[in-house]
Amino acid sequence: MIAFDLALAAGILLCAVSALTRRDRTASVAAFMVLGLLVALSWVRLAAPDVALAEAAIGAGLTGALFLRAARRLGPLRPAAGRTLAVPAALVASGLGGGLAWVFASASPPAIYAPLVAASLPESGVSNPVTAVLLNFRAWDTLLEIAVLVVALLVANLLGSRRLVPVSLGEMTLPFARIVAPISILLAGHLLWQGSSAPGGAFQAGAVLAGGLLALVLAGLAPTGTLVVRGALIAGLSGLAVFLIAALGSEALTGSLLGYPNRAEKVWIVAIEAALTLSIAATLCLLFTGFEKRKTS
Amino acid sequence: MLDFLAFVALLATLAALPRLVVGPSAADRIIAAQLAGTGTVATLILLGAATGTSALHDVALVFAALAAVSGLAFVALRSPRR
Amino acid sequence: MTTLPSVLGTGLIAAGVGFLAVAAIGFWRLPDLLSRLHVLTKADTAGLSLVALGAACLTGTPASILPLGLCVLLTAISGATVGHLVARSVTPRGGRS
Amino acid sequence: MTSDLVYHVAGAGLLAIALWRLATCRDTLRRITALNVLAIGIAMVLLASGHDPATGVTNPVPQAFVLTGIVVLVAVTAALLALAERLEGSSDE
Amino acid sequence: MNETSLLVSLPLIAALVAAAWPRAATITGVIATLGNAGLAVVLAIRIGQGGAEAEALGGWAAPLGIGFAADGLAALMLVMTALVGLGVSVQVAGAPLPDAGRTGQRTAFWPLWLATLGAMNALFLSADLFNLYVTFEILGLAAVGLTALSGTRTALRAAFDYLSAGLAGSLLLLLGVALAYATAGRVDLAVVPELAGSHEGRVALGLIFAGLAVKAALFPLHFWMPAAHSSAAPEASALLSALVVKAAIYVALRLSIEGGAAVELLRLVLAVAGAGAMLWGAWHALRADRLKLLVAHSTVAQVGLIALAIGLTTGARDGTIWRAAALLMLSHALAKAAMFLAVGRITEELGHDRISGLNREELRPGAAEFAFAIAAISLIGLPPTAGFVGKWLLLDGLIDRGAWPWVALVLLGTVLSAAYLARVVSRCLRGGPHVAPGARRPAWRAGDAAALGLATAALALGLASALPLTLLDATLT
């Protein structure tokens with residue numbers, strides 16, 4: 001498989017270079033989208049299917065759409081001012097890259113986490129170790145990560161970025177939307193449910209759900225009224241609220257922040273994940289569609 | 001054997017890159033990305049079959065389900081702003 | 001071992017991957033956008049279907065057939081939809097001329 | 001040569017390309033793309049470090065780090081793109 | 001329920017409430033900021049009496065789980081954040097930010113500030129490198145929201161540069177954390193001494209410090225900061241300059257105390273960069289033509305002074321220099337917040353913030369000018385302010401070690417800060433012939449009270465500097 005890895009690595013680097021050097025905006029964005037595809041393959045090769053799922057859900061759905069939106073709104077690339085720095089910067093950067101490759105390749109981490117995770121997994125309430133880390137051992141990280149999403153939503157709301165006005169794409173999109181939207185809902189439910197025992201989980205499920213919703217929005221089949229946006233905003237905020245209440249509630253019960261009661265861990269984790277899935281889907285959709293920009297005059 | 005076929009599928013995926021870079025039209029580039037998406041799904045299925053990991057089917061499924069989102073975004077956002 | 005399903009599966013996969021490769025090469029060689037689109041929607045769908053069918057033969061479990069079938073279905077639909085929309089967006093008069 | 005080494009080198013390559021573009025480019029969208037490439041590079045070296053070639057298993061803790069990093073990055077990218085678009089819009093006025 | 005849990009969760013809950021119900025945002029924000037101050041003080045008192053506390057979240061001990069380390073240093077920072085937050089909240093509650101964002105959201109300040117508060121509290125308590133990265137991201141995003149609040153094109157441009165620089169900084173930090181994992185196999189704070197012992201570990205610490213330097217706007221990585229801090233609304237600038245920058249400095253100080261100080265080269269680079277920042281910031285502050293720009297550049301210089309102190313920390317637990325750094329952080333936070341609020345008021349009264357036009361005949365100096373003067377005294381380091389105690393401790397420690405060149409540098413920085421602050425103070429407080437007989441006095445506003453309160457706190461902490469110093473004794477077990 002070394003040939004596979006080498007070809008994949010070459011493709012990844014090629015995509016990165018194209019994404020960062022093409023003057024045509026669409027070329028740059030398309031190369032970045034393909035980079036996401038190839039990177040997901042490399043996560044599979046690195047035995048990280050959970051990460052590959054997240055990359056697939058985010059890279060195929062939201063990121064590409066977000067960058068295309070920006071490419072459309074930003075207009076063509078302006079000519080660069082000066083190129084004098086380019087060569088020294090390239091030398092410094094390649095030196096840095098070579099050094100980092102050497103340092104990372106020569107370091108091999110002592111096995112500290114693996115035995116700890118293996119020993120604690122039976123008490124975590126779930127059997128997928130990644131979910132156990134994300135929602136039990138290091139649930140505080142995940143709570144703060146959801147807080148980052150919420151703050152991004154607040155910033156987007158503050159900026160009032162131009163609301164997306166989908167154009168009618170005609171009746172050809174109807175069969176597509178009618179099949180893809182329900183399947184993405186089912187898929188999200190499947191990923192959420194199996195997250196406790198196999199690769200999957202709240203973020204992957206939420207991102208898939210958001211992708212399905214985006215397809216509906218783009219096909220002009222989803223309502224985008226002010227009330228809907230307001231509801232989606234509340235849904236986006238609710239995930240962090242549920243997580244925080246669960247954190248404080250678990251402390252009231254067990255005396256430790258995010259320490260779930262014994263033998264009820266799975267119920268807590270699945271409940272939190274279900275709330276997070278909906279909230280993540282709403283947040284990601286809102287980050288793409290944007291909020292109404294109020295006119296000055 | 002499956003390893004080799006996965007490798008060929010990866011090469012077929014990467015073969016979309018030249019068209020993506022050269023274009024000439026924006027539509028060409030987006031269609032190239034779309035083709036790379038299909039190639040990735042095939043590669044994932046083959047990797048899953050080669051290693052017997054069923055989780056990869058989910059990854060492939062997610063890619064397949066969301067493959068059209070960026071294409072749709074491209075067409076939907078293409079029309080004039082106002 | 002070389003049982004019938006495994007030989008069949010590998011053969012189907014090889015054919016599918018061949019289709020994909022042909023699609024990629026055609027995509028690179030063909031002169032204009034519309035013919036490239038044509039290649040994409042046809043060879044692509046055929047290639048992926050064959051690959052999925054072959055993989056289903058190899059694994060043979062019902063649990064894997066459902067996701068594989070869905071993969072094919074979804075890719076075919078998205079390919080057709082996006083192909084149609086892109087074609088319509090580049091041809092004047094909404095592609096109905 | 002092992003596949004881990006390939007991904008270590010590829011990850012470091014991504015870091016180098018991204019840092020180079022960050023240092024030399026002023027365009028907003030390009031900078032945002034470079035930051036995303038930088039994050040992918042970090043994720044790659046992190047996962048390659050967590051990968052144990054003997055067992056073929058990747059440590060779940062770095063996997064969780066990368067997952068958290070992906071979510072955080074999507075959030076910040078969306079905010080950056082919104083800012084860049086708003087910036088472009090305000091120059092039109 | 002534990003104070004630490006409430007300190008990290010209440011601001012976030014309040015932020016959600018304020019975002020969901022904009023009408024209740026102001027009252028929610030004020031109550032939450034008050035409650036936060038109460039909690040911080042209670043925690044500080046308990047730590048001052050009972051010593052440092054550690055907590056394993058969810059009952060999962062480090063390195064697998066995430067720990068909270070509530071010690072004297074963290075408690076001091078929590079109280080500092082709470083005090084500055086109170087001052088700024090009083091100002092914003094009294095005079096909501098102008099709706100320059102054109103988004104119709106006069107209350108957008110509150111959820112952003114509360115998220116900032118929650119992230120700062122989480123950051124001060126965290127004892128895990130990766131967790132620190134996540135808190136930095138919340139902090140960075142919320143701070144960018146605060147910058148963009150004023151909605152002008154300059155502010156948006158500054159916000160973009162701020163966010164992209166901040167993201168680059170946190171990604172450098174994350175790269176360092178990744179390398180720390182690759183080297184030591186774990187990322188809790190207790191790993192730092194182990195990192196200092198190997199080549200790879202030192203590179204990891206270097207990357208982490210580089211990321212922190214970007215976030216703290218340490219020279220020469222400060223390029224984004226003057227624009228961001230001078231184009232934001234004064235209330236937002238007060239928070240950014242007094243608090244958000246401190247988050248990165250705090251982590252640098254914490255890592256130095258934990259054992260990063262064992263890395264000679266890193267410390268030297270930090271100290272030299274700090275000295276460079278002092279001179280560069282002072283030079284630009286001397287040449288600035290606008291008041292806010294002067295204050296923003298003075299932040300570059302002051303951050304440099306603190307970085308210099310951190311760089312000269314010997315790592316010994318009983319050393320005086322890191323205490324000096326902590327005190328300088330505290331005094332800078334109070335004084336700089338007071339200064340930005342005062343600048344906001346002065347600008348409001350004058351209608352501009354050009355330094356050359358500060359002495360106007362028809363306007364008498366008011367409370368804001370007075371607050372600015374007190375804050376300036378603390379920043380320069382004149383007795384009896386907290387800034388004086390901090391600088392005295394720093395010089396004392398340096399003289400003990402015979403580090404005369406550094407002493408000279410610190411004194412030079414002090415003289416320069418006196419010079420650039422005098423440009424403002426001399427113009428503001430000049431009375432006599434310059435003021436016409438019938439000159440009006442500026443009206444009294446909530447902002448005056450906030451600025452005066454914070455400046456007085458900086459003064460009072462100098463007189464009662466035994467309090468923070470005793471608290472710092474409870475640092476690290």
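For all residues, glycine too, the Cβ spot is worked out from N, Cα and C.
A TrEMBL annotation is a machine prediction, not a hand-curated record.
What TrEMBL lists as domain 'NADH:quinone oxidoreductase/Mrp antiporter transmembrane' is E:126-417.
Marked as transmembrane segment by TrEMBL: E:73-95 (among others). For the transmembrane segment (E:73-95), same-chain residues at least 6 beyond its ends with a Cβ under 8 Å from one of its own Cβ atoms are 7, 26, 29-30, 33-34, 36-37, 40-41, 43-44, 47-48, 109-110, 113, 117, 120-121, 124-125, 235, 238-239, 242-243, 246, 250, 253-254, 257, 326, 329-330, 333-334, 337-338, 341, 344, 445-447, 449-451, 453-454, 457, 468, 471-472, 474-476.
Taken from TrEMBL, the feature transmembrane segment covers E:107-124 (among others). Panel annotation: around the transmembrane segment (E:107-124), residues 7-12, 14-16, 18-19, 22-23, 25-26, 28-29, 32-33, 36, 74, 77-78, 81, 85, 88-89, 92, 96-97, 101, 131-132, 135-136, 138-139, 142-143, 145-146, 149, 235-236, 239, 243-244, 247, 250-251 of the same chain, lying at least six beyond its termini, place a Cβ under 8 Å from a Cβ of the stretch.
Summarising the annotation, TrEMBL assigns transmembrane segment to E:130-150 (among others).
TrEMBL lists E:162-183 (among others) with the feature transmembrane segment. Listed as Cβ neighbours of the transmembrane segment (E:162-183) (distance under 8 Å, sequence separation of 6 or more from its ends, same chain) are residues 129-130, 132-133, 136-137, 140-141, 143-144, 147, 191, 195, 198, 200-201, 203-215, 221, 223-225, 227-228, 248.
Same-chain residues lying 6 or more positions outside the transmembrane segment (E:203-224) and placing a CB less than 8 Å from one of its CB atoms are 129, 136, 140, 158, 161-162, 165-166, 168-177, 179-180, 182-183, 192, 195-196, 245, 247-249, 251-252, 255, 260, 263, 266, 269-270, 273-274, 276-277, 280-281, 299-300, 303-304, 307. Among the features that TrEMBL reports, transmembrane segment is placed at E:203-224 (among others).
Taken from TrEMBL, the feature transmembrane segment applies to E:236-253 (among others).
What TrEMBL records for E:265-286 (among others) is transmembrane segment.
Taken from TrEMBL, the feature transmembrane segment applies to E:293-315 (among others).
What TrEMBL lists as transmembrane segment is E:321-343 (among others).
Residues annotated as transmembrane segment in TrEMBL: E:363-383 (among others).
The transmembrane segment annotation in TrEMBL covers E:403-422 (among others).
Summarising the annotation, TrEMBL assigns transmembrane segment to E:449-471 (among others). Tertiary neighbourhood of the transmembrane segment (E:449-471): same-chain residues 44, 47-48, 72, 75-76, 83-84, 87-88, 90-91, 94, 323, 326-327, 330-331, 334-335, 337-339, 341-342, 345, 367-368, 370-372, 374-375, 377-378, 383-389, selected by CB-CB distance under 8 Å and a gap of 6+ residues from either end.
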Sequence-remote partners of the transmembrane segment (E:363-383) [C-beta within less than 8 Å, at least six residues beyond its ends]: 298, 302, 331-332, 334-336, 338-339, 341-343, 345-346, 349-350, 390-392, 414, 417-418, 421-422, 424-425, 428-429, 431, 435, 439-442, 444, 447-449, 451-452, 454-456, 458-459, 462
Feature contact check the transmembrane segment (E:293-315) with the transmembrane segment (E:236-253), CB under 8 Å, 3 or more pairs: yes
